[in-house]
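Here is the structure we will look at, set down as structure tokens.
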Amino acid sequence: MKEIIYIFIGGGMGSVTRYLTQIAVNERLSPALFPFPWGTFAVNIIGSLLIGFFYSFSERFNLSFELRLFLTVGFCGGFTTFSTLANDSLSLLKGGFYGIFTFYVFISILLGLLAVLAGGYLGEQFK
């Protein structure tokens, strides 16, 4: 039960942070640029970097299981959003933005994987 509480708190914090980040990114980029889900893209790439970092860092410093759950399953799980990526992609398709759709899906997956690798590398650099 203790693990569920850590995940619950981390997830809530991650969700609120995602919401605020998406608003900030969308206010700065979306009106001026072509129809691209910048906020969702940003949180998913940042979240991928963070989860790579948290996993690597927690292994390196032997963080408690509960703290690992809080950071990865909770915070990163709440911060990132695959469902919104899928919904944004569908909106691009329905809007006839086929090129942007293809680019968005491809670059989200590619940069997400690269961000996890980069985060893992950064986590290993701490001494």
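Cβ coordinates come from backbone N, Cα and C, glycine included.
Just so you know, the Cβ of THR80 (Na(+) binding site) picks up 22 other Cβ atoms within 10 Å once every protein chain is counted. Under the three-state DSSP scheme, THR80 (Na(+) binding site) falls in the coil class. According to Swiss-Prot, the Na(+) binding site annotation covers GLY77, THR80, on the basis of sequence analysis.
Here Swiss-Prot flags 4-24 (among others) as transmembrane segment.
Annotated transmembrane segment per Swiss-Prot: 34-54 (among others), in sequence order.
What Swiss-Prot records for 65-85 (among others) is transmembrane segment, and it gives sequence analysis as the kind of evidence. Residues 2-3, 6-15, 17-18, 21, 37, 40, 43-44, 46-48, 50-51, 54-55, 58, 105, 108 of the same chain, all 6+ positions outside the transmembrane segment (65-85), place their C-beta atoms under 8 angstroms from a C-beta of that stretch.
According to Swiss-Prot, the transmembrane segment annotation covers 97-117 (among others).
Beyond the transmembrane segment (4-24), the same-chain residues lying 6 or more positions past its ends with a Cβ under 8 Å from any Cβ of the stretch are 39-40, 42-43, 46-47, 66-67, 69-71, 73-81. Take the CB of GLY77 (Na(+) binding site) and look out to 10 A: across all protein chains shown you find 18 other CB atoms.
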